[in-house]
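Participant: Take a look at the following structure, please.
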Ligand SMILES: O=P(O)(O)OC[C@H]1O[C@H](OP(=O)(O)O)[C@H](O)[C@@H]1O
């Protein structure tokens, strides 16, 4: 932080640290936490004048923005809340930010509900889904299918290195869904027993590419080879506006210690002198649109190639820089 940066509320610093460490994780959950943190900053601000208040909010948004680069739900959330900031006085500005954050969080919940209902229509009674990682959007489809009285089973991929598959398994068991947990490398073997691959997304690009937890693209290629449809559950908050103008989505590279402990590394190195070896830990990968059957949003389901039409509708009139950079 530079000396001129305003002081940030503990909720902002706390949320930023928790997002970076993945204590708070999952694209929608990150967006929700970011909006909540901005509201806390606004509520407790002791800014003396409107300019100071605005500068404080921009600094808070920048701090949250720099935590993780891939899930576009994070900047989309910050943009939504800051664009709602309006007023001549500090109390007016404060109220507008709090209300904007509240509205964002309400819409996020509603979108997930609506998406779930649409996604559930793709699932038939007795179907088995294969999941990768943990996605609240994807699980919403299962939840709604269960509410429709359908029996659904799941083959849950463990999802190395952080094993978010365990979170998915726990949630599904709470709903009494029969679960088989498999290591990632076993996925292809089990695809013959599966009716749908069901995953979430961290970002969707304008060409319909799906950016999701690393391993999704290999799963999609294998599923296509086996004739299993691939369904991506992603509310429109996951659509990446910058990709409409040719930008690519940055893939987060995480700490190598998530993959290999120091002791394990020492063991591999043995008595060898000199340089160690490289460990890479990309958190996400890109699944090309040709491997995706449907992107399910709260506005309906789309073949990936047509997602750009929806993006033009949603982002077409958005111009200029980011509100936290003004
Ligand atoms: O928004 P929802 O559907 O909950 O999650 C979407 C995606 O966010 C997660 O990323 P991470 O675990 O935060 O790296 C997974 O990649 C998951 O598919």
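Cβ coordinates come from backbone N, Cα and C, glycine included.
For 25, 26, 27, 28, 68, 212, 213, 238, the entry in TrEMBL reads substrate binding site. Residues or ranges marked as coiled coil in TrEMBL: 94-121. Under the heading active site, proton acceptor, TrEMBL lists 133. Among the features that TrEMBL reports, active site, proton donor is placed at 202.
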Participant: What is the biggest Cα to Cα gap, in Å, among 25, 26, 27, 28, 68, 212, 213, 238, the residues listed as binding substrate?
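Facilitator: Comparing all Cα pairs, the maximum is 14 Å.
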Participant: Tell me the Cα distance separating residue 202 (active site, proton donor) from residue 27 (substrate binding site), rounded to the nearest angstrom.
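Facilitator: Answer for this pair: 6 Å between alpha carbons.
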Participant: Return the residues near residue 238 (substrate binding site) by Cβ distance under 8 Å, restricted to its own chain and a separation of at least 6 in sequence.
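Facilitator: Those within reach of residue 238 (substrate binding site), by Cβ under 8 Å and sequence separation of 6 or more, are 27, 71, 72, 73, 137, 200, 201, 202, 203, 204.
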Participant: If you count CB neighbours within 10 Å, which one among the recorded positions 25, 27, 28, 133, 212 has the smallest count?
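Facilitator: Comparing Cβ neighbour counts within 10 Å for the recorded positions 25, 27, 28, 133, 212 gives 25.
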Participant: Looking only at Cβ atoms, how many others are within 10 Å of the one on residue 26 (substrate binding site)?
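Facilitator: Residue 26 (substrate binding site): 22 neighbouring Cβ atoms within 10 Å.
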Participant: State the Cα to Cα distance, in Å, between residue 26 (substrate binding site) and the residue listed as 'active site, proton acceptor', rounded to an integer.
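Facilitator: Their Cα atoms are separated by 9 Å.
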Participant: Give the sequence-ordered set of same-chain residues, not counting 25, 26, 27, 28, 68, 212, 213, 238, with Cβ within 8 Å of the centre of the Cβ atoms defining the substrate site.
Facilitator: 29, 30, 70, 71, 73, 133, 135, 200, 201, 202
Participant: My understanding is the cutoff is Cβ-Cβ under 8 Å with a sequence separation of 6 or more in the same chain; which residues meet that for residue 68 (substrate binding site)?
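Facilitator: For residue 68 (substrate binding site), the qualifying residues are 19, 20, 30, 74, 252.
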Participant: For residue 213 (substrate binding site), which DSSP three-state class applies?
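Facilitator: DSSP call for residue 213 (substrate binding site): strand.
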Participant: Where among the recorded positions 202, 213 do you find the Cβ with the fewest other Cβ atoms within 10 Å?
Facilitator: 213
Participant: I'd like to know the mean pLDDT over the coiled coil (94-121).
Facilitator: 98
Participant: From the Cα of residue 133 (active site, proton acceptor) across to the Cα of residue 28 (substrate binding site), what is the distance in angstrom?
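Facilitator: Here the two Cα atoms are 14 Å apart.
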Participant: Rounded to a whole number, how many Å is the Cα of residue 213 (substrate binding site) away from the Cα of residue 133 (active site, proton acceptor)?
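Facilitator: Roughly 7 Å, rounded to the nearest whole number.
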Participant: What's the CA to CA span in angstrom from residue 212 (substrate binding site) over to the residue listed as 'active site, proton acceptor'?
Facilitator: 9
Participant: How long is the line from the C-alpha of residue 25 (substrate binding site) to the C-alpha of the residue listed as 'active site, proton acceptor', rounded to the nearest angstrom?
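Facilitator: A Cα-Cα distance of 11 Å.
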